[in-house]
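Worksheet: one structure, shown below.
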């Protein structure tokens with residue numbers, strides 16, 4: 001290998017590990033290079049173009065989708081609910097992740113030198129780590145909140161003030177846990193052609209301990225918490241379907257089975273996507289922490305960028321999973337983006353005929369704070385029902401099973417929708433003798 005190739009290769013080695021899951025600079029000065037065969041494949045122009053297109057797509061979709069989520073919530077006071085606040089916090093952290101991780105990581109790697117100055121050498125990796133932790137902790141908070149809403153429907157819902165406090169706490173914990181990483185970053189002139197922004201740990205043992213703690217706190221523990229919450233919720237929904245009082249005709253049973261399947265699919269998707277996005281990059285980082293010579297592998301950089309781009313793609317999935325499938329978000333999206341309206345109208349009519357999407361996302365009693373369901377589907381308005389059978393089933397569902405409740409922002413007590421005090425035989429004086437079905 002010629003002398004000009006050596007610093008470039010060392011810079012590439014420096015740029016691809018990531019102790020904070022999205023940053024890019026391990027301490028790898030002792031990597032041995034014996035032949036030109038070890039020059040990483042990531043230097044090939046075609047590979048760089050391919051990954052540049054992937055990252056550009058992630059950046060555009062991630063920023064657009066999450067900015068839209070933030071705008072919808074901030075613009076409409078009716079959207080100021082606990083779940084929506086968590087979703088907005090998730091969107092903010094994903095925007096930060098898109099801006100700081102998606103452009104900087106491939107740029108530094110492809111150029112082989114840090115061109116952004118000493119301040120950003122400390123700030124960018126630190127902000128990347130903070131945003132990753134905020135995203136993960138927020139997803140965990142959403143799962144825990146939904147767990148309590150479904151498992152304990154009669155308990156008071158979390159107040160907006162408590163939700164705001166939790167969000168502040170999430171940011172505080174994330175800022176603190178990332179401080180050691182910001183402190184160890186250094187900018188060093190390796191040669192005339194390469195300036196490296198890399199980690200400089202005083203102790204290799206501390207580096208490995210810190211990396212292991214990061215893997216557990218950022219992925220392993222949150223993953224099991226999220227999986228536990230959604231599995232319990234799924235089992236609870238199955239039990240509720242079995243315990244529903246009264247006789248059902250075949251059409252009703254079919255409708256309930258479809259609703260249960262849809263909810264369970266959604267819960268499984270949430271757990272699967274979280275694990276799919278973050279487990280590969282965590283495995284790569286943990287292996288690199290324990291065996292630094294792995295970066296000398298010819299295909300290491302391609303594997304790293306594949307896992308890194310998968311992790312970054314979570315910024316695109318989150319707005320869809322946690323917002324677009326919510327009726328209230330989707331309605332606001334259509335007002336902001338009119339080109340969604342025609343498709344939305346067609347899907348709404350189709351949904352009303354199938355009866356697989358009948359259920360309001362939130363049941364309001366005139367108060368500002370409404371009881372939110374776990375998963376939202378399309379709201380079917382009377383004018384949109386053009387199937388007599390569907391209308392009959394909808395009325396039957398309302399009379400037999402639905403008790404609309406709202407959590408008062410003042411008293412935090414469960415209140416019965418007044419409309420159903422008159423029409424539901426099982427409701428009297430604002431009380432109901434049977435179970436409140438949140439979904």
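Placed from the backbone N, Cα and C atoms, the Cβ positions cover glycine too.
Your range for transmembrane segment, going by TrEMBL and the list 299-325, 326-352, is 299-325. Checking TrEMBL for transmembrane segment across the ranges 31-52, 53-74, 185-206 points to 53-74. Annotated range for transmembrane segment in TrEMBL, selecting from 86-106, 233-253: 86-106. Between the transmembrane segment (53-74) and the transmembrane segment (160-183) there are fewer than 3 Cβ pairs closer than 8 Å, counting only pairs 6 or more residues apart in sequence, which means the two stretches are not in contact. Per-stretch counts of Cβ pairs under 8 Å to the transmembrane segment (299-325) identify 126-148 as the leading one among 126-148, 160-183, 209-231. With a threshold of 8 Å between CB atoms, the same-chain residues lying at least 6 positions outside the transmembrane segment (126-148) that come near it are 20-23, 82-83, 86-87, 89-90, 92-94, 96-97, 100-101, 104, 155, 158, 166-167, 170-171, 173-175, 177-179, 181-182, 185, 217-219, 222, 225-226, 229-230, 232-233, 270, 274, 278, 314, 318, 322, 374.
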